[in-house]
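Asker: The active site, proton acceptor annotation in TrEMBL covers C:Glu53, C:Glu64.
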Amino acid sequence: MSTPERNRDRDGEATFGEYGGQYVPEALMPALQELEDAYERYVLENEDGFMDEFRERMRDFGGRPTPLQRADRLSERYDREVYLKREDLVHGGAHKLNNALGQVLLAKYMGKERIVAETGAGQHGTATAMAAAHLDMPCEIYMGRTDINRQRPNVYRMRMNGAAVNPVTAGSGTLKEAINETMRDWATTVERTHYVIGSIVGPHPFPKLVREFQSVIGREAREQIREKTGRLPDSVLACAGGGSNTIGAFHEFVPDEDIALHAVEAGGSSLEIDEAEGVAPNSATLSTGTDGVLHGAMTKLLQSTDGQIVESHSVSAGLDYAGVGPELSHLVETGRVTPVSVPDEAALNGFHRLSNLEGIIPALESSHALGYLEENYEDLGDLVVVNVSGRGDKDLETVLEETETRDLEAAPDVEVFDRQ
Amino acid sequence: MSTPERNRDRDGEATFGEYGGQYVPEALMPALQELEDAYERYVLENEDGFMDEFRERMRDFGGRPTPLQRADRLSERYDREVYLKREDLVHGGAHKLNNALGQVLLAKYMGKERIVAETGAGQHGTATAMAAAHLDMPCEIYMGRTDINRQRPNVYRMRMNGAAVNPVTAGSGTLKEAINETMRDWATTVERTHYVIGSIVGPHPFPKLVREFQSVIGREAREQIREKTGRLPDSVLACAGGGSNTIGAFHEFVPDEDIALHAVEAGGSSLEIDEAEGVAPNSATLSTGTDGVLHGAMTKLLQSTDGQIVESHSVSAGLDYAGVGPELSHLVETGRVTPVSVPDEAALNGFHRLSNLEGIIPALESSHALGYLEENYEDLGDLVVVNVSGRGDKDLETVLEETETRDLEAAPDVEVFDRQ
Amino acid sequence: MTDEQTTADSEIEAAIRENHPALITYITAGDPSLEDTTEYVEALDRGGADLIELGLPFSEPIAEGPTIQAAINRALEAGTTPEGFFELVDDLETEAPLLVMTYYNMLLQYGPSEAQRASEGDAEKPRNEADVRPFVERAAEAGLSGIIVPDLPAEEADPLREACDEHGLDLVFIVAPTTEGERLERIMSQVSGFAYVQARLGTTGARADVSNATHDSLTRLEEYEVPKAVGFGVSEGDHAAEIIEAGADGVIVGSALVDIIAEHGEGNAPAAAALEAKAAELKRGARRGGGVDVPEPEQP
Amino acid sequence: MTDEQTTADSEIEAAIRENHPALITYITAGDPSLEDTTEYVEALDRGGADLIELGLPFSEPIAEGPTIQAAINRALEAGTTPEGFFELVDDLETEAPLLVMTYYNMLLQYGPSEAQRASEGDAEKPRNEADVRPFVERAAEAGLSGIIVPDLPAEEADPLREACDEHGLDLVFIVAPTTEGERLERIMSQVSGFAYVQARLGTTGARADVSNATHDSLTRLEEYEVPKAVGFGVSEGDHAAEIIEAGADGVIVGSALVDIIAEHGEGNAPAAAALEAKAAELKRGARRGGGVDVPEPEQP
Ligand SMILES: Cc1ncc(COP(=O)(O)O)c(C=O)c1O
Ligand SMILES: Cc1ncc(COP(=O)(O)O)c(C=O)c1O
């Protein structure tokens, strides 16, 4: 093995402190064991050169390494050095491919014949479809009917990459239902199918596996910031939905205790849960959630006192999830990661600000980290790294609509939005 | 200067053989001389470290170098080695930023206070708006009213990057009119304004200047193919509209006389010009055009026998131009570059094929090169490099519409296109 | 504790053995209302169910097929809560022992809230170890005989196993077609009441045939003493017969019954009658498979 | 050839000097039809135009403002061709000499087509050097006195300059506010007929004032013998007066006349009358500026 730090991942534990575990139907347990075995052999031991191939494909197909860019105008604005990790430049437009390609390749090494995945807004689905096309793997994506109607372009992209998109009509037809449905497919076809989970969530070994594929973000950033500034950052900011870009950005910095790690969640319109309606007008799971089991792992959740999962909300579809990766719950619980959140408005302003000042249109997800930066830069030290987890082309319509109804200080003139 | 090859560009000539020149209103001539001077000092001599800064920004902001990827499934399909130059991974989604960033930076070095640019489908406009935002330069983009209505997302992107988008209502409200209007703005404000032209067209020194910024494509590709295969390619394919990605891909290979260079033009629906209607149902300027002067340069054109410029047509908006870079005309005239074309259908099939087989959704422009590859691979030698000049997310709607009405062999099932 | 001991202590195991071949039925509590559930449970009891599983609805039922998922949604929309569920069970008087089937998070969250625990100075205790006790205690108090948690594999079951032992409840585990070797042994050493043999890969839901996996699983389980009941996809008397013939001690039927409830809509005596008839059909099928001959009922 | 010689040979220069201060008018041939153009040219001639520029429409008029661009589009839509244009000029009989104003590509393409030339074994000749001759020859034959090509700077003008000399046509160059030093000298050594002084940066189009750039340009040009006429934005008699006062030998008016044509639409005698009146107003203005007092015309 080439990277000795990775030994931290070889603890053989299915949990991170009290979080994690494997809360899944019995039928899936053998598949998880098989996956754990593959994770150890191919990912941790680089058996058959798996990691070499993964890295090579992420370079040639995925466009890695992504740059770490000094944000000149943000640095000036905040009177400190601000650097952006440009995951928006990864093929497909977000960090999601790091994980999708890793898992599809692993499925190939494991001899699986078929890939399934869930998707909400379509980001993980498109990344998985791209990876599957690239590696010639049949691929089916489960997507809620409501999401399908809201995210047509992503549906087309998946179909053009040759993936089947299976509409999920149950419930509200969004991400939660799509995950449930994918689990069902997997439970039925587990022997020949790999489930490419979309974030660092789910039962062990998924959170570790996904971390392994995503931690390239922080590994590169660490090397790049050293090269550019001769030092390590004072703080690292990343948005957190399921938390894959978050752990991806943080992992290599976790041992450096004096580097502040801020996981920026979607504050939505309010941090309170409406118990009666079973609705959280936010997705601030780390900041406000309570411990429980969802989708295979013990973690922090948005839930009612009875234990029902509530509907989360965020202007950003990719953060709109009631759970979060168990490792993040653990890192928050132990104080290593600081959970923070900003409301929808701050994220929208962050979106406009980066577009306008730096010529980078960030994903609405990533815009949360930029919104937090604006409001809290004074507490972040002299050298700040922000993970721009994806590009915002997919969010244009949403931003236009949301900007029309609000008075956003960072938005360009309203006539921009003359959508005759 | 670090790259000695560049001496070839220092001939001080305003023409490429009989093509090129400076056919512009007198008022612009001093600005062209100023630009020529700046081109020689900053670009060719790297004065004040201009080229160093350009390269650094293209790396950190633009995401260069882009990968040269082996296309596994195309290689198998065609039984030869096919490599893709991944310009689709450049920030903004196309090679256009190479030029836009170079010119905006040059304008800054020249002390200009303001940027104008034309755009057709919006690709050059968005690239320029991004570059201008990044470098804090006020920016106005001229865009035909018809194009504005057809390309709303690109209009939004420009506005979000803080650029003004000025609708051009004259004529058919498309690219030609936008260029005319931008020239007018420039002619009025020339002392403080730089016109960021969008391809290797226009009066000297634009074609050389743009070549200088775009030739990074071929420079990287040359090094990468050597590293990966130990040799140089037998042929290089690039689509050609104005020809900036084309010259960009070819320039470093021009001296290697045994490498075939194919400029793939838009064959549209037919290669004939309808003189009566003043319409060419194609944009195959190099293949079918005649010599004349358009937008400041002597070059090959789609024109009536009287000398009126005809309306070109292509399913791909970025190739839809009645002119072409004078250097390409020269390279075609001297036999160094082979002009070829494929019809709309072949490009659409190329689009679907790459999406489906390789997990890369190419721009419809680039899809022309892929369409040509499919039909002519046997004549291209053992090692082929195809320039994927941009990504196709912008083209989804067009491709859906065009696919619905045709019987395309490479398209996925029709139900993909259920657009309820 | 040896197998023999478990066997001896278990009300559930006793019910299966005494009524061999046994019929185990599942419906979702609160679908379409808790009042209706009372009626339906009584109907199943009358119809010949030997054990009755009651689903306590959870919002993310990842092991269920569309039928039961829809029933759970109806129950949640009707406002079914754990406390309402337990009150229902408090009042039920059936011959057949009752089990609760629910997801692990429902067990974890039952009891004093984090805030309450904090005010009681109890917040330090890690929830995932401590918190299943209040649920199990209340289940026992309500008279439930066992618990099935479809998202709790044996590896994670220690806390619940302990709590169940403490309160004398059976903890039923599912044995899947993919469960083999060491894992099978581990599960079989923990199971009590009966082994829930999953007839096929996939989720719950009525199907038209009996899978080969059922036969294989029963063969793998032959050596174990604990009764085996087969579920997932059983919908007709003939399936029941076939399964019992293959060596099972009981059949478990859920989706087929939930379908009946769904067809009849809200608060419906005919639904109860239909459930009773269906239970009778299934029980007859099981008996037929077990070689116990039963005459067809008279046509009405 | 010295300035003096040029001066002596030039019909255009003579027209300016004889009618000093001169009015030079522009309209687009074929707007809205070639028949109308004949009428309009005659009206301008009557109204007092001393030189008449006729635009031969080109599809990409990058030096024009919106007004003339629209006129060009109307002319093209009406089917105006170079041959039609020359036939129009063939038949025109005006006191004022005529110039053609068009873009370089129109000159290049005129004459035998590439296919024709190929069949005549002539295709080898590079078009950009050879091909302006047929146009110039035909222009001379039609009786045109000069040529203005707004997208042809002096640097690219050698072939055309030669052809014009050969056929005795003047080649008018534009001097822009940005034209200085060496470039100015070069242009002034090539110009014949008059120097077209561009009043301001930008494109053609009627404007409400006279720019400072005009004064600066005229000062820079003082030392040159050739007549100077100022255009771009001149629309009223008062502008004309001011420009002549500043030292110009003539004013050039285009957009203001094209506006009149556009207002009146197709085939319109009133348009001709209005053009004549406008020309008269402008000519009076020019004379006023030149100190030649002219009484206002009687109100109708
Ligand atoms: C660009 C981008 N960033 C962030 C996220 C959130 O996911 P995670 O928290 O797993 O990084 C998403 C999810 O779709 C995304 O598309
Ligand atoms: C992706 C892409 N490729 C190619 C082109 C054609 O331009 P050029 O021929 O200058 O490369 C365009 C123009 O918009 C483009 O967007």
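Just so it is clear, glycine is given a Cβ too, placed from its N, Cα and C backbone atoms.
Fair warning: this is a prediction, and the values are worked out from it, not measured in the lab.
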Asker: Roughly how many Å lie between the Cα atoms of C:Glu64 (active site, proton acceptor) and C:Glu53 (active site, proton acceptor), rounded to a whole value?
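Answerer: Taking the Cα atoms only, C:Glu64 (active site, proton acceptor) lies 14 Å from C:Glu53 (active site, proton acceptor).
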Asker: Going by DSSP, is C:Glu53 (active site, proton acceptor) part of a helix, a strand, or coil?
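Answerer: DSSP assigns C:Glu53 (active site, proton acceptor) to strand.
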Asker: Could you list the residues of the same chain, at least six apart in sequence, whose Cβ is under 8 A from the Cβ of C:Glu53 (active site, proton acceptor)?
Answerer: C:Ile24, C:Thr25, C:Tyr26, C:Ile27, C:Leu98, C:Leu99, C:Val100, C:Met101, C:Ile148, C:Ile252, C:Gly254
Asker: What does DSSP say about C:Glu64 (active site, proton acceptor): helix, strand or coil?
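Answerer: SS state of C:Glu64 (active site, proton acceptor) = coil.
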Asker: Over all shown protein chains, what is the count of other CB atoms within 10 A of the CB belonging to C:Glu64 (active site, proton acceptor)?
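Answerer: I get 27 for this one.
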